[in-house]
Amino acid sequence: MSEEEGRERAVTAEGDAESMNDGRALVQTPARSGDVITPTRAVLTLSKSMFNAGCFSLPYAWKLGGLWVSFVMSFVIAGLNWYGNHILVRASQHLAKKSDRSALDYGHFAKKVCDYSDIRFLRNNSKAVMYFVNVTILFYQLGMCSVAILFISDNLVNLVGDHLGGTRHQQMIMMATVSLFFILLTNMFTEMRIVSFFALVSSVFFVIGAAVIMQFTIQQPNQWDKLPASTNFSGTITMIGMSMYAFEGQTMILPIENKLDNPAAFLAPFGVLSTTMMICTAFMTALGFFGYTGFGDAIAPTITTNVPKEGLYSTVNVFLMLQSLLGNSIAMYVVYDMFFNGFRRKFGARFPNVPKWLSDKGFRVFWVLVTYLMAVLIPRLEIMIPLVGVTSGTLCALIFPPFFEMITFWTDWKGLLTHRQRMTKIFINCVVMAIGFFAIIAGVYTNISAIISSFSQPEP
C-alpha cells in the first residue's frame, strides 16, 4: 500500500451547507496518524518557514519604501497573505473531502480545482494548470533556498572577510561553497517529524539572534522624526516585493496542513494559521520599524551586517547562520514533497537496477546544487529577495488562492449564498488578484532595472 493510499480518508458527516453559507466554517476531518505533527509544532514549523533570511532585509526594505508607507504596507501585506492562505486551505480541505483524499499538495489541489470545474477548458487542461503551479512553487522554493545560501555566505564574509583575499564576489562564492556541504547534510532527511525538529532547533537560534539584534538596534539613537515618510514608486514596489518575500511560508501552508494530526486546528479562530500570522506580523513590523529608525540611511541590505563583529554580537551572526542552515531543509521539503514521487516512478521505470536510496539522495543533491548555482550567479540579497517575492510569492499568495477559491465554490455559492453575498466574495477576490497582478508587473520591471544596474557597476 502506498503512502497516499495509507492515509486515513477524510469524511464529513454534516455541516457542508452551513460551512458554505457563511464562508468561514471549517471542513471537519478526523485525526490523522503516521508521519504527523501537533498544532504547536505546526506553528513552530510554519513560523520558521517565515522567519528566515528575508526578515533581516526588512529594515532595508523600509528604507526603500519610506517609514510610514512601509509601516502601513506591512499590515496590508500581512492581511492579504492571511486571507490568501485561509481561503487556500479551506478550498483544499473541501476538495480533499470531495475527492475522498485526506490531503492535497498545492499542485494536485490545482488539478482537482480544474477537474471539478464546470469550465470545459479548465477540465481539459487540468494537468497544464498543475504543472504551471508546480513550476511557480519550484521557482519560489529554489529562490528562497538560494537566498538562504546568500545569507549564510554574506554573514561569513562579514565575519572573516578581512582575512580573505580577492573581491567580495569571490569571497561570497568561497563561503557559499563551504556552506554547501552542511546544507547537503541537512537535506538528506525525509520525514516531516525530523524536518519539524530542525525547525524547532532553528527557531531557538533565530529567537536568540533576533533578540540580541533587537536589543542592539533599540539602543541606537532613534531617527524616526528625520526619516522620509515615503520615497518613490520604484522604491515602494521593491519594498512590497521584499515584504512579500518575508512572508515566505506561503508554499509551506498545505504541506504543514497535510501533516497536521488534527486538520480542523489549522483554520480555527486561534489555530495554527492565525497564531502564526499574528506572531510573524508583530515581529516583522517591529524589526522593520526599529531597524530602519535605528540605523537610518546606514542600514545594510541585511541588518545582521550592521551589528558589531566582536564579542556577543559576532556569535549572533553564527546563530543566525545556523538557523538559515537548518531552515533550508524546510523550504526544500516542499520541492521533495511535490516532485519526488513522480521522479521516483519515472526514474525507477527507466533505471530499475539503480538502488532507491541512491536515486533519493541524488534527487536531493541535484536540487541543492541548483540553489547553490543560483546563489553564486546573482550574489546580491537586495536583488534576489524582491525578485523572488514579487513574482512567485505574489502568485502563491494573491493570485492562485482567490482564483482557485472562486472556481472551487462557484456552483455552491450559486445555491447557498444570496446574490449580494456572492458578488461581494467575487469582488473581494478580484480586487486581491488585481493587486497581485499590478505588484507582479511593476515589480518585475523595477527589479530587472535593478539587476541591469547592478551588473553595470564595478565589483567592490
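Positions of Cβ are set from backbone N, Cα and C atoms, glycine also.
The compositional bias 'Basic and acidic residues' annotation in TrEMBL covers 1-11.
Taken from TrEMBL, the feature domain 'Amino acid transporter transmembrane' covers 37-445.
For 1-23, the entry in TrEMBL reads region 'Disordered'.
The transmembrane segment annotation in TrEMBL covers 60-83 (among others).
If you look up TrEMBL, you'll see 129-152 (among others) marked as transmembrane segment.
Here the transmembrane segment (172-190) has long-range neighbours at 148-150, 152-154, 156-157, 164, 166, 198, 321, 325-326, 328-329, 332, 336, 360-361, 364-365, 368-369, 372, 375-376, 379, meaning same-chain residues at least 6 beyond its ends whose C-beta is under 8 angstroms from one of its own. The annotation transmembrane segment is assigned in TrEMBL to 172-190 (among others).
If you look up TrEMBL, you'll see 197-218 (among others) marked as transmembrane segment. If you look at the transmembrane segment (197-218), the same-chain residues 6 or more away from its ends with a CB under 8 A from one of its CBs are 41, 44-45, 47-49, 51, 55-56, 186, 189, 283, 286-287, 290-291, 294-295, 303-304, 307-308, 312-313, 316-317, 319-320, 322-323, 325-327, 329-330.
Per TrEMBL, transmembrane segment is recorded for 230-247 (among others).
Sequence-distant contacts of the transmembrane segment (267-292) (same chain, six or more residues past either end, CB-CB distance under 8 Å): 26, 39, 42-43, 46-47, 50-51, 55-56, 58-63, 67, 70-71, 74-75, 78, 81-82, 85-86, 89-90, 93, 210, 214, 217-218, 224, 227, 243, 246-247, 249, 253, 256-257, 260, 299, 303. According to TrEMBL, the transmembrane segment annotation covers 267-292 (among others).
The list of residues near the transmembrane segment (312-336) in space but at least 6 beyond its ends in sequence, with Cβ under 8 angstroms from a Cβ of it, reads 45, 48-49, 51-53, 56, 137-138, 141-142, 144-145, 148-149, 151-152, 155-156, 158-159, 179, 182-183, 186-187, 189-190, 192, 195, 198-199, 201-203, 205-206, 208-210, 212-213, 216, 248, 251-252, 255, 304, 363-364, 367-368, 371. What TrEMBL lists as transmembrane segment is 312-336 (among others).
Summarising the annotation, TrEMBL assigns transmembrane segment to 357-378 (among others). Through the fold, the transmembrane segment (357-378) approaches residues 142-143, 145-150, 153, 172-173, 176-177, 180, 183-184, 187-188, 190, 332, 335-336, 340, 343-344, 347-348, 351, 384, 451 of its own chain, all at least 6 residues removed from its boundaries and within a Cβ separation under 8 Å.
Residues annotated as transmembrane segment in TrEMBL: 384-405 (among others).
Among the features that TrEMBL reports, transmembrane segment is placed at 426-452 (among others). Counting only same-chain residues 6+ beyond the ends of the transmembrane segment (426-452), those with a CB under 8 A from a CB of the stretch are 80, 83-84, 87, 233-234, 237-238, 240-241, 244, 378, 382-383, 386-387, 389-391, 394-395, 397-399, 402-403, 405-406.
Against the transmembrane segment (129-152), stretch 384-405 shows more Cβ pairs under 8 Å than any other of 60-83, 230-247, 384-405. If you look at the transmembrane segment (230-247), the same-chain residues 6 or more away from its ends with a CB under 8 A from one of its CBs are 50, 54-55, 57-58, 60-62, 64-66, 68-70, 73-74, 77-78, 81, 144, 147, 280, 284, 385-390, 393-394, 397, 439, 442-443, 446-447, 449-450.
Sequence-distant contacts of the transmembrane segment (60-83), counting only residues of its own chain at least 6 positions beyond either end whose CB sits under 8 Å from a CB of the stretch, comprise 224, 227-231, 235-236, 238-240, 242-244, 246-247, 250, 273-274, 277, 280-281, 284-285, 288-289, 291-293, 296-297, 299-303, 382, 386, 397-398, 401, 432, 435.
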